[in-house]
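Only one structure is covered here, and it is reproduced in the block below.
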Amino acid sequence: MKAANKPIHAVTTWVRRQPPKVKAFLGVVTAMTALVLLRMIVHDHDNFFVAAEAVHALGISVLIYKLTKEKTCAGLSLKTQELTALFLAVRLYCSFVMEFDIHTLLDSATLVTTLWVIYMIRFKLKASYMEDKDNFPIYYVVIPCAVLSVLFHPSTRHHIINKVSWAFCVYLEAVSVLPQLRVMQNTKIVEPFTAHYVFALGIARFLSCAHWVLQVWDTRGRLLTALGYGFWPIMVLLSEVVQTFILADFCYYYVKSLMGGQLVLRLPSGVV
């Protein structure tokens, strides 16, 4: 086992020593390589969206297990759960008034479980909630997302309130994990179930991003024009990319810790 880990350790050590620009370049190359491989392996790229929903549901299942069996919410961000509930509620409203499909049912189930998690943290397990570590101001993300949604929203024929609401939930979803990352940054040590949950979010968002990028690739950009005109199509794609890269650094250390046989994830300074 140690011999097998030596090449991995050598590679991770080399990557860690590189300057930020080189790390960014390596990250982009790795992401593009993964997209090319996924495009070759998976022919129906709509499956990526379904897979993203499934992985997200798996992450929530880990949260439910942690809260019910471990009887603690230590390391979890209540603010991230509240932001998640907010964008899911707005997205459900948009689904009902704009287009009702299977994703509406999936979002409904996710919203119910998220509200249950919020209830558990606020009331049942309040004693273990690390309120002093969960100190990311929510208005830092809500207000910019609201402003962006007014400036850049779909150019469809729907009512302006519905178009702005749709844009708001897209932008808010991209940054809703930031309070959770702040909690992990403050604690430096991430226990297994929280790490599994955040990693599941990272994988889900990568699959969702892969779905959009490959759809644009396959249609040679026609999908962007189908979404509307102006800046909105670019903002949708940018939001998908942003929410993937926000969690990329954490996912790297998660995999490294897992391959090293460590159950508790210890984050270096400045990771998240």
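Placed from the backbone N, Cα and C atoms, the Cβ positions cover glycine too.
As annotated by TrEMBL, transmembrane segment applies to 24-42 (among others).
If you look up TrEMBL, you'll see 48-68 (among others) marked as transmembrane segment. The list of residues near the transmembrane segment (48-68) in space but at least 6 beyond its ends in sequence, with Cβ under 8 angstroms from a Cβ of it, reads 38, 42, 76, 103, 106, 109-110, 113-114, 116-117, 120-121, 124-125, 193-194, 196-201, 203-205, 207-208, 210-211, 214.
Here TrEMBL flags 104-123 (among others) as transmembrane segment.
The feature transmembrane segment is assigned by TrEMBL to 135-152 (among others). Same-chain residues lying 6 or more positions outside the transmembrane segment (135-152) and placing a CB less than 8 Å from one of its CB atoms are 77, 79, 82-83, 86, 164-165, 167-168, 170-172, 175-176, 178-179, 182-183, 186, 230-232, 235.
The annotation transmembrane segment is assigned in TrEMBL to 193-214 (among others).
Annotation source TrEMBL lists transmembrane segment at 234-255 (among others).
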